[in-house]
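If you check TrEMBL, you get these features:
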| type | residues | note |
| --- | --- | --- |
| DOMAIN | 5-120 | domain 'Tetrahydrofolate dehydrogenase/cyclohydrolase catalytic' |
| DOMAIN | 139-284 | domain 'Tetrahydrofolate dehydrogenase/cyclohydrolase NAD(P)-binding' |
| BINDING | 165, 166, 167, 231 | NADP(+) binding site |
Ligand SMILES: NC(=O)C1=CN([C@@H]2O[C@H](COP(=O)(O)OP(=O)(O)OC[C@H]3O[C@@H](n4cnc5c(N)ncnc54)[C@H](OP(=O)(O)O)[C@@H]3O)[C@@H](O)[C@H]2O)C=CC1
Ligand SMILES: Nc1nc(=O)c2c([nH]1)NC[C@@H]1CN(c3ccc(C(=O)N[C@@H](CCC(=O)O)C(=O)O)cc3)C=[N+]21
Ligand SMILES: [Mg+2]
């Protein structure tokens, strides 16, 4: 059986480090690192994530501000709010929950965020910094995946990795971090040929396709490490059940190490969001 990479436990360790950094910043500089989360619309899954983020921030002694705007909010109103948060010295990190309602332009919103407060690492300036290996605010989900991978592979050099998915928020920044760690990286997506055999040759598979149980045991080399980013909400007898992109039961019998869903990458993402908020707060010290 594969070793279980417990994201709940590992994130609790990270959050403890966050809490002591918060205490230090309070004692030395009299600041309370503060995260502002903006949610537009009433998507229930987004509400769960946002609530979790705010809860964890408060547990770590950080400040948090939640802005809930109704689904019909205009681009101008949203831009004004971001402008206000950009200029508020009490706010160190800004996260605008994605996806936005379709009448809003996500690229424009992301570009409006002060790059120094962009704790998602989605601003073009931060994307460029990551691509050229001098990032300070690294996207939270890939950052969390790297912490998990380091548990198994303290040295990632030379590992063959397949990342399934090429989104701006997960797949692409994940590939950039792995490349920086001297992995040999293949990015697979919906048009990739022979995806199953590509994965079966990999030492590490990172699954971020958003397709429930896309990856089964036939795709995995015995002993490989499998990181499951996917969060797919499935309705089972009227109850909401979370499934990853990996068929956990069967893959766990083949893999060397595997992350569960829930309790894997999700909690690490939130922990890294708070790490980024601390980092941003430090960089904003006059
Ligand atoms: N745990 C966490 O903290 C987080 C989890 N997530 C979850 O991760 C998953 C991915 O999120 P995100 O990157 O935003 O999703 P997107 O929908 O933006 O991207 C999905 C990617 O997967 C590719 N893909 C889709 N179907 C297949 C397939 N059958 N075979 C191979 N590739 C495929 C797509 O290819 P193409 O480009 O060709 O369309 C695309 O590149 C989702 O389940 C999401 O909920 C996301 C963020 C954080
Ligand atoms: N600007 C922006 N930044 C994001 O980082 C961002 C976003 N938008 N939009 C949506 C995705 C998704 N995402 C998750 C974070 C935590 C869990 C998480 O904690 N999941 C728990 C389960 C939570 C549940 O019960 O639904 C777990 O996996 O154990 C899941 C998903 C961040 N995202
Ligand atoms: Mg997307």
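Positions of Cβ are set from backbone N, Cα and C atoms, glycine also.
Once Cβ contacts within 10 Å are tallied over all protein chains shown, the binding-site residues 165, 166, 231 are led by 165. Under 6 Å, Cβ to nearest atom of ligand 3: this is the test, and of the binding-site residues 166, 167, 231 it is passed by 167.
Around residue 167 (NADP(+) binding site), the same-chain residues six or more apart in sequence whose CB sits under 8 Å from its CB are 208, listed in sequence order. Proximity of the binding-site residues (165, 167, 231) to ligand 2: a Cβ under 6 Å from the molecule is found for 231. In the domain 'Tetrahydrofolate dehydrogenase/cyclohydrolase catalytic' (5-120), the DSSP tally of helix, strand and coil residues is 62 helix, 19 strand, 35 coil.
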